[in-house]
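Data first, discussion second: the structure below is written as C-alpha cells.
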Amino acid sequence: MQTDHSTTSHGHEGFPWKHVIGFILSLILTVAALWIVVSLSLSVTLTITFILILAIFQVLVQLLFFMHITEHEGAYQIIAIFFGIFLAAVFVYGSIWIIY
Amino acid sequence: MSQSNSLNQHTPLEYSTEDGRLKIFGFWVFLGAEIILFSCLFASYMVYLHRTAGGPTPDDLYDVKEFMIETFLLLTSSFTCGLGTHELRRQNKMGVIIWFIITLILGLGFVGMEIHEFVDYVGEGAKLTTSAFLTSFFTLVGTHGCHVSLGILWIIGILIQTARTGINAVTARKLFIVGLYWHFLDVVWVFIFTVVYLTGMVL
C-alpha cells in the first residue's frame with residue numbers, strides 16, 4: 001500500500017491562501033467582539049447576542065479553514081461534531097433555563 | 001471502502017491507509033466528546049456566575065490587556081499549526097518542524113500568561129475555594145489550560161518521531177490529528193473569551 005510520494009502533494013502546492021484568509025478573518029472577528037463590548041454601549045442582551053454570533057463565525061472559520069472538516073469522502077466527522085454541538089446546546093441552554 | 005489502488009493522487013498521506021482514515025475519524029468522535037465535556041463546564045460557570053459569596057466578581061478580576069494577549073497568542077498558534085499541516089501535505093519535513101515549533105512557543109507563551117493570571121487572582125484573594133463562581137471559573141479555564149499543556153507535550157513527542165523517521169503514513173496521521181486537537185483548543189478558547197471574559201465585562 002505504498003502511495004506515490006511525488007504526487008500526493010498535488011493540489012497543496014504554493015502559498016497557503018486558505019490559512020492566511022482564515023487567520024485574518026479570525027483576527028477581525030476577535031477585534032470586532034472586543035470593540036462591541038468596549039466601544040458600543042448597547043444593552044447587555046444585545047451585546048451578548050452579537051458577541052455570541054461572532055463566536056459562532058469564529059468557530060466556523062476554524063472548522064472550515066484550519067480543520068478541513070468537510071474533507072474526505074463521506075465526511076462522517078461532521079455528524080460526530082454536530083451531535084456534540086447539539087448535546088452541548090441542550091446542556092447549556094437547559095441549565096440556564098432551569099436556573100434563571 | 002476505497003483501497004490503495006482506487007486512491008487517487010490527491011489523497012493526502014494521512015488518509016492513505018485504512019488505519020489512518022479510521023484513526024482520524026475516531027479522533028473527530030473524541031472531539032465530539034470533548035465538546036460535551038466543555039459544555040458541562042460552561043453550563044456550571046453560567047449557573048454560578050453571580051454566586052460570588054462576597055468575594056471578587058468577574059469585573060474585579062478580568063484584565064482586558066491580559067486576556068487579549070492570551071487570545072492573540074492562541075489564535076496565532078492555531079494559524080501556525082495550520083501552516084504546519086499545509087507543509088505536511090507538501091511533504092516538507094523542515095517546514096513541518098519549524099511551524100510546529102513556532103506553535104509550541106506560542107502555546108508555551110499562552111500557558112505562561114495563564115499561570116501568571118491565576119497566580120495574580122490568588123494574590124488578590126480569588127482562590128478556588130472562595131466562591132462557587134471562582135470554583136467554576138478555575139475549573140473551566142484550568143481544564144482548557146491543562147489541555148493546552150498536554151497538547152504541548154504531545155506535539156513535542158510527535159516532532160521527535162517525525163525528526164527521526166521522516167514524514168510517512170504514520171507520522172502524517174499523527175501530525176494531522178495533533179493539529180486537529182490544537183485547532184479544537186482554539187475553538188474552546190473562543191467561547192472562553194466570549195462567554196467568560198467579554199461577558200464578564202458587560203454583566
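Every residue, even glycine, has its Cβ placed from backbone N, Cα and C.
Unlike curated entries, TrEMBL annotations are predicted automatically.
Record features, source TrEMBL:
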DOMAIN    B:1-201  domain 'Heme-copper oxidase subunit III family profile'
TRANSMEM  B:25-47  transmembrane segment
TRANSMEM  B:67-84  transmembrane segment
TRANSMEM  B:96-113  transmembrane segment
TRANSMEM  B:133-160  transmembrane segment
TRANSMEM  B:180-200  transmembrane segment
I need to check the long-range neighbours of the transmembrane segment (B:180-200): which residues 6 or more away from its ends have a CB within less than 8 Å of a CB in the stretch?
24, 27-28, 31, 34, 38, 42, 45-46, 58-59, 61-62, 67, 70-71, 74-75, 77-78, 81-82, 103, 107, 137, 140-141, 144, 147-148, 151, 154-155
Same-chain residue ranges lying at least 6 outside the transmembrane segment (B:67-84) that approach it to Cβ under 8 Å:
95-96, 99-100, 102-103, 106-107, 109-110, 113-114, 117, 148, 175, 179, 182-183, 185-186, 189, 193, 197
